[in-house]
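*Asks:* I have a structure here, written as structure tokens, and I will follow up with some questions on it.
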Amino acid sequence: MKMSRRAYAEMFGPTVGDRVRLADTELFIEVEQDLTTYGEEVKFGGGKVIRDGMGQSQLLADEVADTVITNALIVDWWGIVKADVGLKNGRIWKIGKAGNPDIQPDITIPLGAATEVIAGEGQILTAGGIDTHIHWICPQQVETALMSGVTTMVGGGTGPAAGTSATTVTPGPWHIGTMLQAIDDLPMNIGLLGKGNLSLPDPIREQIKAGVVGLKLHEDWGSTPAAIDNCLSVADEFDVQVAIHTDTLNESGFLEETLAAFKNRTIHTYHTEGAGGGHAPDILKAIGQANVLPSSTNPTRPYTINTIDEHLDMLMVCHHLDPAIAEDVAFAESRIRRETIAAEDILQDLGAIAMMSSDSQAMGRVGEVIIRTWQTAHKMKVQRGALQGDETSHDNSRVKRYIAKYTINPAITHGLSHEIGSVEEGKLADLVLWKPAFFGVKPSMIIKGGMIAAAPMGDINASIPTPQPVHYRPMFGAYPRGVHNTCITFLSQAAIDDGVAEKLKLKKLISPCKNTRQITKADMKHNTYCPVMDVHPETYEVRADGELLTCEPADVLPMAQRYFLF
């Protein structure tokens, strides 16, 4: 029996050679491989395959998947592949072909009475997003981020304090302990950052031992060369990452002094971008350093006709500045430069900036990391054409580059990639399903550690799940006992060895960060470009390897108003 491509795609989803448009963008992906078997596909429902004696075997629970996602199109840094995905004990068990091995050939994911089915036909499956620039200003950020497809948040803070509103820091053992307890019921993998702005090591050591997963150097606390050097030395001692927001005012040194203080040690440079902060106007030059792992934040993503006007007011609020003080206004204006914002678009597209993040409620939008990433990719496709390596028929290389920016690369940077960051066997089953028309905008399901944690849901009193009003709601995996079995609190190895989780009576899964100190830009997936950078001190023109980087602001974007009428 033969089926037309259209009929096959409508029944089982796209297969090799089929192309899929991502939302209303100009980005198209093409299926590279299909791990299912034609004629042996499994699908659940009335008159379908996954029934007793057919696609469902008689095997016991230990031998079968707890959950199978059938016929999903995986989009990840390593490929764009159609497959069944088996989950077991909260982890990605196997990626391959699901079914009944007693009667079907080449089965790698046995199904049985213990198996739940999630229908992935016609849907895209991605890893949960990772946002590594979180200001813990309010706990409600978690729900907003989760509903957008983010499943891991790394940052610092204690609530709407002035220090937290400006800097991603949870300072000192008492705050670290109380915050670790406070986040224990939140449906999100979380790691806290401590304060790294110190010239002596012991106050940093005690924070690492108290449970932070990394350290933050921020100019508002004084990002001096001495503090940078000391912080990186302690980070090397304990194998934790350091994130830095450099000195916008160039008070304690210029960019060259900051880079010298790094001493070729690995560091995650926040705001390596056009307007977010750091050495003005040339923080973008840090991109050319192999030891620098650069990220930018979503308020400038992508460059549009409204970007400049929006930023001045945001900056005054976030950094506790007074519009009546001329020096404060000058500080704000020094950080917002249309030339460097435009260059940021292109540097993201070239793979020179390796990561995307939010800067939640501190100029960035916590629920828009994923949207802004794909809007940037779309704008660059329209303005710059196909990436090298992409054919005219698809954008697979560009899509892999951009999805790595908020999944695997932040996981590698912060030492979390042994647990999360990709759709790979053995990792925590943090997965997001998307209908292609809503890709990057509105997920159809968020799976957290193998449990459904969030999904759009209709009227609870309706006879079926779909009647209006439909909106995102927490599911069983987002409630406390579900959270404790499916979400990770990341700690330093020193804190784990010191029994911090037991002392604080933490109930979430606990995992260490590791392998953070020897990585370089070369370890970033699809984002390894290390150009020689130049920023003109007066015109702010940006050049990478001698090429002038400039582009026009967008006056219209996809993934925007047409998706948010209600």
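Every residue, even glycine, has its Cβ placed from backbone N, Cα and C.
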*Asks:* Asp345, Asp349, Asp359: which one does Swiss-Prot list with His133, His135, Lys216 for the Ni(2+) 1 site?
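*Replies:* The record-listed residue among the candidates is Asp359.
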*Asks:* Looking at Swiss-Prot, which one out of His268, His271 binds Ni(2+) 2 in the same site as Lys216, His245?
*Replies:* His271
*Asks:* In Å, rounded, how far does the Cα of His245 (Ni(2+) 2 binding site) sit from the Cα of Lys216 (Ni(2+) 1 binding site)?
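*Replies:* That separation, Cα to Cα, works out to 8 Å.
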*Asks:* Taking just the CA atoms, what is the gap between His135 (Ni(2+) 1 binding site) and His218 (substrate binding site) in Å?
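*Replies:* The Cα atom of His135 (Ni(2+) 1 binding site) is 12 Å away from the Cα atom of His218 (substrate binding site).
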*Asks:* Using CB atoms and a 10 A radius, I'd like the single residue among the binding-site residues His133, His135, His218, His245, His271 with the highest neighbour count.
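*Replies:* Compared across His133, His135, His218, His245, His271, the most Cβ atoms within 10 Å surround His133.
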*Asks:* Whole-number Å distance between the CA of His133 (Ni(2+) 1 binding site) and the CA of His271 (Ni(2+) 2 binding site)?
*Replies:* 10
*Asks:* Reported as an integer number of Å, what is the Cα distance between Lys216 (Ni(2+) 1 binding site) and His271 (Ni(2+) 2 binding site)?
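*Replies:* It is 13 Å, counting Cα to Cα.
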*Asks:* When a 10 Å sphere is centred on the Cβ of Lys216 (Ni(2+) 1 binding site), how many other Cβ atoms does it contain?
*Replies:* 30
*Asks:* Around the Cβ of Asp359 (Ni(2+) 1 binding site), how many other Cβ atoms lie within 10 Å? Please give the count over every shown protein chain.
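*Replies:* Neighbour count, Cβ to Cβ under the 10 Å cut-off: 30.
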*Asks:* What's the CA-CA gap between Asp359 (Ni(2+) 1 binding site) and His218 (substrate binding site) in angstrom, rounded?
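*Replies:* That comes out at 13 Å between the alpha carbons.
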